[in-house]
């Protein structure tokens with residue numbers, strides 16, 4: 001029954017990947033994944049900034065911790081394993097993709113994730129935070145383009161309004177006063193940081209669309225187990241790739257001295273790296289979960305909503321100033337988010353009304 005409902009959703013929801021009649025339970029699941037994404041993204045970004053601020057220099061290490069927390073997914077894989085009734089077991093044997101297909105899928109996503117982690121790390125290291133946030137926001141536009149090509153995404157006025165508002169919200173952050181920081185960056189490093197961040201944004205936008213396509217066309221499961229399988233496998237492959245780079249680059253030799261010279265101490269150094277690793281896995285659970293439940297574009301909208309949150313957290317934890325630009329950026333982000341959610345509310349209301357008409361007509365015919 002669930003598989004039939006999923007197939008109906010994939011073919012009749014207007015390309016938005018959102019079910020026709022959304023249960024309260026599913027709304028709660030979406031809310032939980034949203035909180036995971038926002039909490040993980042903001043916390044990981046703050047800890048990543050703290051790593052470099054306090055004396056961390058290893059780009060490979062900064063990228064490594066973004067994927068190193070994949071073992072945290074093991075308990076959830078077992079927790080969400082579906083029951084093995086004879087019918088389900090037979091159904092899984094028929095529908096389960098081949099090992100070759102899965103290996104190719106996870107390898108492509110894992111290698112892409114490793115490359116994105118490195119590119120984003122270079123961008124964060126070489127660019128002012130506001131400029132980095134601005135360029136990272138282009139991920140939403142890239143994902144909207146790929147969602148249109150790969151996922152059949154349709155754009156209504158409310159969704160278009162949401163994308164524009166969220167893009168403006170992040171764009172405003174560039175007008176913060178970071179001129180002194182910019183002058184400290186050489187032109188070559190600035191260009192490298194710019195190119196790396198744009199490449200990472202486009203690559204991650206494509207990755208999210210491919211992930212949604214994989215859920216719909218390859219994995220074809222209604223169990224949340226596939227979400228944690230996806231996170232664990234692609235992060236594991238990315239982690240191995242980055243680990244190879246860490247040793248091949250020779251940066252691993254400097255880890256001990258970096259730890260000893262860390263401004264707030266070696267214990268703080270370890271806690272920051274561990275906290276970053278855990279935060280990125282929380283983000284991954286939220287992001288992939290939203291792609292599974294809704295769509296890659298929805299996950300990206302939530303992710304973009306989180307960009308203005310980081311400056312606000314900077315005010316709380318780093319004693320940064322909360323200026324008018326940051327406030328307006330946050331309000332625009334909230335407006336864009338509400339616009340997107342309202343579109344799904346309209347879709348849901350229409351389909352509930354349609355469902356009631358169908359049930360009424362059926363009852364009349366039976367009578």
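Every residue number used here counts from 1 along the chain in the order it is shown.
Glycine too: its Cβ is placed from the backbone N, Cα and C atoms.
TrEMBL labels come from automatic prediction, so no person has curated them.
Sequence-distant neighbours of the transmembrane segment (27-48) (same chain, 6+ residues past either end, Cβ-Cβ under 8 Å): 62, 66, 124, 272, 275-276, 279-287, 289-290, 293-294, 299, 302-303, 305-306, 309-310, 313-314, 317. Annotated transmembrane segment per TrEMBL: 27-48 (among others), in sequence order.
As annotated by TrEMBL, transmembrane segment applies to 60-79 (among others).
Residues or ranges marked as transmembrane segment by TrEMBL: 99-122 (among others).
Look at TrEMBL and you will find 155-175 (among others) tagged as transmembrane segment.
Here TrEMBL flags 190-210 (among others) as transmembrane segment.
Feature annotation from TrEMBL assigns transmembrane segment to 230-248 (among others).
Long-range neighbours of the transmembrane segment (269-292) within the same chain, counting only residues 6 or more positions beyond its ends whose Cβ lies under 8 Å from a Cβ of the stretch, are 29-30, 32-41, 43-44, 47-48, 50-51, 54, 56, 61, 65-70, 72-73, 76, 208, 211-212, 215, 224, 226-228, 230-231, 235, 258-259, 262, 298-299, 302-303. According to TrEMBL, the feature transmembrane segment maps to 269-292 (among others).
Residues or ranges marked as transmembrane segment in TrEMBL: 298-318 (among others).
Annotation source TrEMBL lists transmembrane segment at 325-342 (among others).
Sequence-distant contacts of the transmembrane segment (190-210) (same chain, at least 6 residues past either end, Cβ-Cβ under 8 Å): 108-109, 112-113, 115-116, 119-120, 122-123, 125-127, 131-132, 135-147, 149-151, 182, 287, 291, 296, 299-300.
Panel annotation: around the transmembrane segment (230-248), residues 58, 60-61, 63-64, 67-71, 73-74, 77, 102, 106-107, 109-111, 113-114, 117-118, 211, 214-215, 219, 281, 284-285, 288 of the same chain, lying at least six beyond its termini, place a Cβ under 8 Å from a Cβ of the stretch.
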